[in-house]
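Listed in TrEMBL for this protein:
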- Asp321: active site, proton acceptor (ACT_SITE)
- Lys24, Gly97, Arg126, Gln175, Arg352, Arg401, Lys432: phosphoenolpyruvate binding site (BINDING)
- Lys24, Ser25, Arg29, Ser173, Ser174, Gln175, Ser202, Asp321, Gln348: 3-phosphoshikimate binding site (BINDING)
- 12-441: domain 'Enolpyruvate transferase' (DOMAIN)
Amino acid sequence: MNDSLIIQPFSKPVSGSVQLPGSKSITNRTLALAAISGSKVTLEGALFSEDTRIMVDSLQKLGFSVQDDETAKSITIEGRSGTIPNAEAELYVGNAGTAARFLTALLCLRDGGCYDLDGSPAMRERPMRGLLDALEKHGACKVTYKGKDGHFPFTLETKGLSGGYLEVDASASSQILSALLIVAPLAEGEPLIVNILGETVSHPFIDMTLGMMEQFGEDPEIGGHTGPFKFRCGPYTAPGASYQIEPDATAASYFMALPWVVGGELLLPKCGHIELQGDIRFLDVLGQLGGSFDEESGTLQVKYPHRLIDGFTQNFNPISDTFLTLAALSPLLNTELTITGIAHTRKQETDRIAAMATELEKLGQNVTETEDSLTVHPDVEAMIALTKDAPLGIDTYHDHRVAMSFGILGCYDLHGDGRPWLEIHNPACCAKTFPNFFDVLESLRS
Ligand SMILES: O=C(O)C1=C[C@@H](OP(=O)(O)O)[C@@H](O)[C@H](O)C1
Ligand SMILES: C=C(OP(=O)(O)O)C(=O)O
């Protein structure tokens, strides 16, 4: 793919059906749960992208048998009942938050292992301390940092996970808690009780973890879904020989938004059956923008009979991966938009609040940031003036969601004559979760 992609606006309302990739979060959770189960499982409808490739490659380096078939979108993995086959490995987790946190916890199940872990430059800045401190304090590992304390790269000398009582600060990322919950039932001896210190962000992802642990035969004994959590001891059992992965609800958010931008309607097969992913609640946000949704045989139909353009305030903490989808469209609203609850996204692929603010300001929008919020005062006239002579370039900061969100905005026929006005730099960064995003968008145009 070229270094830059000029987005061709849609000259007529969109219609058609979008085949979405499998969920990143469910694919990488299934791989982690299956690896430490006593079962052989085939993931169907799995995501094939950078983040899941990293998980598959790492599990193979650790000695697990993992076979994948990208054409069939299936991955088969043989569980080793909590054993990590190889005692030594060098793992590279790129910028995959799920792989970084889930693998770190998984490794600690091995007594006497020594693993070197590193990530991309962005990952070296992302929060790991809550997880590493909890594991180290519990005696499950010794961590030697090779760069900045609390961050990648580090060496993990692992000692096995014992039962007892463990406290974790997961206020920087829910993945820290999810990682511990995934390994908790494999603790040796007495059951492991996991207690949360302070607030957790993105709580629907904790529900996803607990829901999938339940599918794999575990159920917390106490504390419900807010903790403390206590599981029985023993490996997981897969719910069957195959496991169907839901389509990715965050990826769906771009195509839920597209008909609002260009008119028309889209069909999203299997999106009517999404149960594990909180991001499907982005539909409630779009409902406030006039969206109407029908569900037939699991296919979700998205259309906008009334294109409401009033702005509003919304706490995006539970669905923070989708805040960029809405923020990028804010220039097309007619009143101010405020998004709150997103401080933790400053420590994700990039500082997402700063990235969105910078790019929206480039488009002439009046933007105010606080530590945990973003307010946009839309100014469509300024955007028209700034793009009248040539397409304006959007920087994407190696963040797939910045690229995809502004990609949807660029589909709007801003000048009324089909002239392109937005150019996405480094569109290939979508490979993290949705490698063919811009091809799918193009197919809808024709
Ligand atoms: O557990 C998961 O699969 C995820 C949890 C969320 O991370 P944070 O809890 O760090 O927000 C989300 O942003 C990420 O894309 C996927
Ligand atoms: C935050 C995200 O990813 P990660 O799994 O790396 O945290 C994301 O996909 O928006």
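Along the chain as shown, residues are numbered 1 onward.
A Cβ is built for glycine as well, from the same backbone N, Cα and C atoms used for every other residue.
A TrEMBL annotation is a machine prediction, not a hand-curated record.
When the binding-site residues Arg126, Gln175, Arg352, Arg401, Lys432 are compared by Cα distance to Arg29 (3-phosphoshikimate binding site), the shortest distance belongs to Gln175. Close to Gly97 (phosphoenolpyruvate binding site) in the fold, though at least 6 residues off in sequence, lie Met123, Arg126, Ser173, Gln175, Gln348, each with a CB less than 8 Å from its CB.
Put plainly, the binding-site residues Gln175, Ser202, Gln348 were compared by Cβ crowding within 10 Å, and the winner is Gln175. Figure note: comparing Cβ neighbours within 10 Å for the binding-site residues Lys24, Arg352, Lys432, the maximum is reached by Lys24.
Gln175 (phosphoenolpyruvate binding site) falls within a helix when secondary structure is assigned with DSSP. Residues from the binding-site residues list (Arg29, Arg126, Ser174, Arg352) with a C-beta closer than 6 Å to any atom of ligand 2: none.
Just so you know, the Cβ of Arg29 (3-phosphoshikimate binding site) picks up 26 other Cβ atoms within 10 Å once every protein chain is counted. Cα-Cα distances to Ser202 (3-phosphoshikimate binding site) place Asp321 within 10 Å, out of the recorded positions Lys24, Asp321, Arg352, Lys432. All protein chains included, Asp321 (active site, proton acceptor) registers 25 other Cβ atoms within 10 Å of its own Cβ. Ser202 (3-phosphoshikimate binding site) falls within neither a helix nor a strand when secondary structure is assigned with DSSP, and so counts as coil. Among the binding-site residues listed (Lys24, Gln175, Arg352), Gln175 have a CB atom closer than 6 Å to some atom of ligand 1, in sequence order. Counted within 10 Å of its Cβ, the other Cβ atoms near Arg126 (phosphoenolpyruvate binding site) come to 21, all protein chains included.
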